[in-house]
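> Sharing a structure below in structure tokens format, with a few things to ask.
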Amino acid sequence: MACQSKNTDEHVTFADALLSKRYRKAQNDFLNQVDRLIDWRPIRTLINKKYTKRQNAIGAPAYDVILLFKMLLPKTWYNLSDCALEERINDSITFSRFLGLKMEEVSPDHSTISRFCSALTELGLMDKLLAQFNKQLSRHHISVREGVLVDASLVEIRSTIERTFGSIRRWFHGGRCRYRGLAKTHTQNILESIAFNLYRTPGIIMSSSVG
């Protein structure tokens, strides 16, 4: 059964208490650093302006939009399919912690992930989300050097952050796109931009394995 929306008002469970020491040891984990770096409130505001929450297939309350959006980041970082992402979240304490899921909660199913990403595409929200992430990075005096996306690096500066996306040719250099359709391709481009900008942020180290 799918989990309910994150509820920060609930009491800490016994399982959460048992794992608190392990969580404290992971304070410098990549996903945890990203979670602390980004103020998710403006992201929530942007999405909620256009995205209408829907009940899930069994009529339970809709998932929190930040939970759903956060899922798209490790999906991109680790090159996971929707199904593989669902499995990884259920198997990984680090992933679950990043998403704000408690031990007794499970990942939204892969179809929910796919529908949410499609909704962001249809609503034309991706460019605004990228701009918001870049705005936040600029507050940390971080900007993206122009160049190939996967080789882009972040440098500390005091000037305005540069845009990081362009034509499909520039992004994929003639390679095959993951998604069919121009809009879905653009969505994937922007997700990769957000993900790799955060990945290369000074002080954040991408781990090859997740616990």
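The backbone N, Cα and C atoms fix where each Cβ goes, glycine too.
According to TrEMBL, the feature domain 'Transposase InsH N-terminal' maps to 25-117. Annotation comment: TrEMBL describes 134-200 as domain 'Transposase DDE'.
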> Looking at the domain 'Transposase DDE' (134-200) alone, can you tell me the average pLDDT?
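Averaged over the domain 'Transposase DDE' (134-200), the predicted model reaches a pLDDT of 54.
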> When DSSP states are grouped into helix, strand and coil, how many residues of the domain 'Transposase InsH N-terminal' (25-117) land in each?
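Per DSSP, the residues of the domain 'Transposase InsH N-terminal' (25-117) fall into 58 helix, 0 strand, 35 coil.
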